[in-house]
Structure formats: structure tokens, C-alpha cells
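The structure appears below as C-alpha cells.
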Amino acid sequence: MNIPELFASGGIAMWPLLLLSILAVGTILERIWFWSRILTREREVSGRVLEAARRDWGAAADIAQRSAVLPMGRFLSAPLKLRSPDPEVFRLALETSANEELLTMSRGDKILEAVIGLAPQLGLLGTVLGLINSLGSLRLSDLGSSDAAAGTSLGIREALISTAAGLIIAIIAMAFYRLFQGFVFGQAKMFRQAGSELELLYRQSWAKDHGLPAAAPDAPTVLADPNAVGPKAASSNAAGPNAAGPNAASPGGVPPTEIPSL
């Protein structure tokens, strides 16, 4: 049975399923292209910016600005382009930038969610309509005849085609949806690590410039819960064991945006 015959047998529900499959394929290809450009370069960018920040904040800002084509570059560039901000303002700039970038990374997820939810339902609807047509054509006088049984079984088989098509589309969309969610989760973790280290370096530099006690370089980094949502879910600025004074709190992590779960 070729594709046109499958569509003819599947009934009217095959056409919205075709539309959903086109949307899913287009979204999947766009997301694959997006992730293939950034996955191998994000860690390199964060390492270069952090290394430069230990020596010269101006050089770190230049490196981050030149890497603005990548989410990590834009994330680190947001606080670095501010003019001598307070440490709290620096942290808020990191949080805001992280939220914006993670929302961009999650683009297309709603389309895949819609495909995952609608495709099986449309397939089931096509099957129900096919069964109604198949059983509605039976007459009482035909019951028990071999021709009627053969026709009914053929109608049921064709009616199930739409359900199978809907399930196939939903399963493929679900697989890629979970894959992309894993990528977003990994990027959120990388943002927290890079943001916490950059904030720690800035707090030490800011305290030194203002004649305040600075936190020790080996102060522990407090990371946010991976499932935390919003600015209020940022990690607390708990002081490290080697910190001195009230202004030596270690930096909080940068929270990711909400990762939808199924």
C-alpha cells in the first residue's frame, strides 16, 4: 500500500495529521540546526571569558561581546557591559540574561507539545469515524455472510491506519522533545556554573576596589536547584568558610527558566 492509498484508507483525519507532521519535522530540523551550532562552543566561550576576567575585566567584556552570536556570550556579556555595577545589580543582570537565553532555547517546544497531544487524538478520531462508516454499511440481511465479514474486517483494518499514523507522529515528536529538553537542562547547568564563578570574581574585585574584605578565591559556589524557577529561586548568597566580613558572601547561581514536563 503506497502513500496515496494510506491517505485514502485513513480517512479525513489523515490530513490534519499530515499538517502536524509537517510542523513537527520543521521544528525538529530548526532545533537540530540551532543546537548543532552552540553545543560544542559554549564551554570554550565561558572558559575564555572567565580566564580573562581574572586579569582584566575590559578584556573579558570584549571576548563576551565578540561571542554574542552564542547564548553563552550574550549571557556573560549582559553584566560585563554595565559600568561598575553593584554586586547585586551584577547578579540581577546575570539572572535576567539567563532567563532570556533559556526561553530562546526552548523555542519550538510548544509546537512539539501540541503535536504530541493532538496527533494520537486525531488518529483515534479517524479510527472512530472509519468504524462508524464500516459498521454503518452493514445490513441485517448480510450478517453471517462471508462477504460481510470480509468487508467489515477490511474496514476495521483501514480505520486503524489513522490511529497508527497519529501514534507514530507523536512518538517521534516526543523523542526529539525530550532530547531538546535535555539540551536546555544542560545549558541551564552551564549557565549556573559560569555565572556563579563570574559573580564570585566580580565580588572579589568590587570589594578590593572599595576597600572591603574580599571573599577567599576558594570560597564554595552555591548553586541553584536545577528545577528552580524565576529570580526568587536563585541560590542564597551564603558566606563561604574562608569569607571575611558581611560583604564576603559567595555568589548565587543563575536560575534556569521552567522546563516543561510531560
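For all residues, glycine too, the Cβ spot is worked out from N, Cα and C.
As annotated by TrEMBL, compositional bias 'Low complexity' applies to 233-252.
For 253-262, the entry in TrEMBL reads compositional bias 'Pro residues'.
Within the model, the domain 'MotA/TolQ/ExbB proton channel' (71-191) shows a mean pLDDT value of 86, rounded to a whole number. The annotation domain 'MotA/TolQ/ExbB proton channel' is assigned in TrEMBL to 71-191.
Sequence annotations record features per position, and here TrEMBL assigns region 'Disordered' to 217-262.
As annotated by TrEMBL, transmembrane segment applies to 12-34 (among others).
Residues annotated as transmembrane segment in TrEMBL: 111-132 (among others).
The transmembrane segment annotation in TrEMBL covers 159-180 (among others).
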Secondary structure tally of the domain 'MotA/TolQ/ExbB proton channel' (71-191) (DSSP, helix then strand then coil): 106 helix, 0 strand, 15 coil
